[in-house]
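**Q** Pasting in a structure now, in structure tokens, and then I'll have a few things to ask.
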Amino acid sequence: MGSPLCVSIFLVLSIFIQSSVHGQSLRLEPFGSSQAVETKKTFQDTKTRFLLFEGENDQGCQIRLHHPDTLQQCGFNSSLPLVMIIHGWSESVPFSRSNVHLIGYSLGAHVSGFAGSYIGGKHKIGRITGLDAAGPLFEGSPPSDRLSPDDANFVDAIHTFTRGHMGLSVGIKEPIAHYDFYPNGGSFQPGCHFLELYRHITKHGLNAITQTIKCSHERSVHLFIDSLLHTSMQSTAYLCSDMNSFSQGLCLSCKKGHCNTLGYHIRQEWHSKKSRRLFLVTRAQSPFRVYHYQFKMQFFNQIEKPVETTFTMSLLGTKEEMQKIPITLSEGIISNKTYSFLITLDMDIGELVMITLKQENSAVWTNVWNTVQTIIPWGREPLNSGLVLKNIRVKAGEIQQRITFCSENMDDPQLHPTQEKIFVRCDRNSKKLKQKTE
């Protein structure tokens, strides 16, 4: 019973469809009004079904409106957390609102917000989760007209499809919660491009085009489900101003609540009324978790103009090894400038112990010059026109660890084109140096 899947879940099917068929209004009226009584009476005649699920393989037990005895018959346990997809419970059953968790997808996210706002009072709903809340007609609207942090004691939101088309986006882009998560920047999701259409055809057949179009929008749902299915592989997101800064690895801090867990197991804490925007990278399929690393390098060279350079990097950890990770510094390398970038790994390699770096290309004239220097015996020390990298600074986001790596061969800090250079922990090099001098 300790599993997060063992929760009471009300699944409300087609509330809006049924309401439209019967010509009902979904306007929210105060308790005790004649309109509320009429709506209550009308809902008894609808075909909407309320199903209670107590376990992962449960087929569901129907809860009949205004028949409290069916709660007991279906084995409703008031001591368990209650998750309601959309909304609904009987006021005749004593239940703390703080234990209620509403989860709304797309338009349902705002509906959950309206439900929380309508209840109001001193005792708010415990939590509302918005899964890629709808953007059209809601983007830029006041908090009272959409999901907002005021609608529950705690509100979290996952934004996965905010890419705009003709001024509109399927999912809302602006922050609407205490914590707003933007996986992969929030605009679009990996594995959802039209280039993936063939893969979708093999899986979904004639529905492939529809699946491809809504792929990014639905990713918010799959990310939340993933947090329940893979409890040991929770995704961490980090407070950041935008995805550009995050892609440089500048935001991998967990100090003062600057990071949090995506999905069901989020830490429900906040330090200000202002919404917090958190970013992360995910895989294209479940399990979605990746491991975030910031790499900082400071190069020295004798080339005045910036040189576009491509590297491949291999990482050796205490658990696994990740080989040939491509790194391209397209803006060019300027001497004495520090470059920061983000690298993500699909697997846990453990504690990083060694880095192998290989310069794949350089300016043509540099290669020629190096060849000439090898062939012709100059009467003085050869002119070094290559790149010099003395150390690499690394920060592992998930474990909040900082490590500095130095060249294993301290006598030759130059990066020679097409040759691999090994970097080890600087403290390891210090020990070797100390042994040599003793």
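Cβ from N, Cα, C; glycine included.
According to TrEMBL:
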{"type": "SIGNAL", "residues": "1-23", "note": "signal peptide"}
{"type": "ACT_SITE", "residues": "SER106", "note": "active site, nucleophile"}
{"type": "ACT_SITE", "residues": "ASP132", "note": "active site, charge relay system"}
{"type": "BINDING", "residues": "ARG146, ASP151", "note": "Ca(2+) binding site"}
{"type": "ACT_SITE", "residues": "HIS217", "note": "active site, charge relay system"}
{"type": "DOMAIN", "residues": "291-425", "note": "domain 'PLAT'"}
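Please go over these features one by one and say how buried each is and what sits next to it.
**A** In the structure as shown, the Cβ atom of SER106 (active site, nucleophile) sits within 10 Å of 22 other Cβ atoms.
Of all the Cβ atoms in the protein chains shown, 29 others lie within 10 Å of the Cβ of ASP132 (active site, charge relay system).
Model confidence over the domain 'PLAT' (291-425) stands at 81, taken as the mean pLDDT rounded to a whole number.
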**Q** Check the Cα distances from SER106 (active site, nucleophile) to each of the recorded positions ARG146, ASP151, HIS217 and keep only the ones within 10 Å.
**A** HIS217
**Q** Which one is it, among the recorded positions ASP132, ARG146, ASP151, that lies nearest to HIS217 (active site, charge relay system) by Cα separation?
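**A** Nearest by Cα distance to HIS217 (active site, charge relay system): ASP132.
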